[in-house]
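Data first, discussion second: the structure below is written as structure tokens.
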Amino acid sequence: MIITDIYAQEVLDSRGNPTVRAFVALEDGTLAGATVPSGASTGKREALELRDGDERFCGKGVLKAVENVNTVIADEIVGMNVYEQKDIDNAMKKLDGTENYSNLGANAVLGVSMAVARAAAMSLGIPLYRYLGGANAQILPVPMFNIINGGAHANNSVDFQEFMVMPFGFDCFSDALRAVAEIYQNLKKILNELGYSTAVGDEGGFAPNLKDNEEPIKIIMQAIKKAGYEPGKQIKIALDVAASELYENGKYRLEGKTFTSEELIERYVKLCEKYPIFSIEDGLGEDDWEGWKKLTARLKDKIQLVGDDLFVTNEKILREGIEKGIANAILIKPNQIGSITQTMQTVRLAQRNGYRCIMSHRSGESEDSFIADFAVALNTGEIKTGATSRSERNAKYNRLLEIECENTEFLGNKI
């Protein structure tokens, strides 16, 4: 099926910043679009998000990226077969000519890459997850629900970026989603009773000013119990420390103090002994590989240790981490690497080497639910896409509810 047109426009994401929406048209009349997300806490080695840097939108306009789609990319890709995803992505990579898409912009390339996949699925009349994953795409992921926000995702006193709950003790996705929605509402009541703000952060979680980074966990434990669920058995806790944001001159600064890597690791060990923590993401900075070795040696057999800024969905960096025995899981963000093909290659490398994969949104999102299908397609087993609040977050959960009706299996207790 031949691609007859490719074009893009500048639209707004959930933070009110511009982003790229790309469209792909086919000879059978199919027209598909996709919107690119954007992160606030970003790894230094992520693919380049091309911004205009002029007066429009405080420098964050994306008209250059849009123009690249409408001209350079369209000239190269129009006329190609939409079902040749790898060839199309490789052609855009070659066209850009850099490792990090610094010429065309990863936001331009990814928008087209996503729209191509969606157009192909629509043309065939099959779900996106089935097109990308084939017959083996049948696992609904366990979500990480970010219900208290801190760090770069909220203007508050909390250093850790995300405090999440994971519903394990449920037979189906819809029951797991209901449980977390109830926990979220009970959390709101508890925060109100304690006199804390219930304003929400970028990802839909509450963003109160709390005294330290343990208090959110204590309050979440109360909310789990108040909602009628059992911590540790039905609901577990996950943290995203985003420690690169706290790293200064070889040490970590939080709660007005400085910590060495070893001291921060000991703090995590104590938290894991005290609370039912399943996962810690970016527990140390992306450049602190020696610290990561120590963290992995200490906790890899007890919890999930996720590299986000550490690996930036990059196959080469992940391979180095595997060789050095660093972390045991990877966060998967397509816009960190720039194309659907490259994302899939990274996931396959991780899975072959026993690393868990977590499909992830960004803090700047849209109503596009692509990653919900992508998580099922790649059998990642876990997905991270915010709280049960804000429609750009719920768009992904609602899409997973739709997929649940199509003979899929929820991992639940099986992780």
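Including glycine, each Cβ sits where the backbone N, Cα and C put it.
Over in Swiss-Prot, the protein carries these features:
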type	residues	note
BINDING	Gln161, Lys333, Arg362, Ser363, Lys384	(2R)-2-phosphoglycerate binding site
ACT_SITE	Glu203	active site, proton donor
BINDING	Asp240, Glu281, Asp308	Mg(2+) binding site
ACT_SITE	Lys333	active site, proton acceptor
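Annotated features, which come from Swiss-Prot, shown on the structure.
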residue	record	contacts (Cβ under 8 Å, 6+ apart)
Asp240	Mg(2+) binding site	Asn146, Phe160, Gln161, Glu162, Met164, Ile280, Glu281, Asp282, Val306, Asp308
Lys333	(2R)-2-phosphoglycerate binding site	Gly39, Asp308, Val312, Thr313, Ser360, His361, Arg362
Lys384	(2R)-2-phosphoglycerate binding site	Pro143, Met144, Asn146, Met164, Leu331, Ile358, Met359, Ser360, His361
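Taking the binding-site residues Glu281, Arg362, Ser363 in turn and counting surrounding C-beta atoms within 10 angstroms, the largest count is reached at Glu281.
Asp308 (Mg(2+) binding site) falls within neither a helix nor a strand when secondary structure is assigned with DSSP, and so counts as coil. Note: the Mg(2+) site is recorded as Asp240, Glu281, Asp308; in the same chain, Gln161, Glu162, Leu239, Val241, Ala242, Ile280, Asp282, Val306, Asp309, Leu331, Lys384 also have Cβ atoms within 8 Å of that site's Cβ centroid.
Those residues noted as binding (2R)-2-phosphoglycerate (Gln161, Lys333, Arg362, Ser363, Lys384) have their most widely separated CA atoms at a distance of 17 Å. Taking the Cα atom of each, Ser363 ((2R)-2-phosphoglycerate binding site) and Glu203 (active site, proton donor) are about 6 angstrom apart.
Note on Asp308 (Mg(2+) binding site): other Cβ atoms within 10 Å of its Cβ, all shown chains, come to 29. Under the three-state DSSP scheme, Asp240 (Mg(2+) binding site) falls in the strand class.
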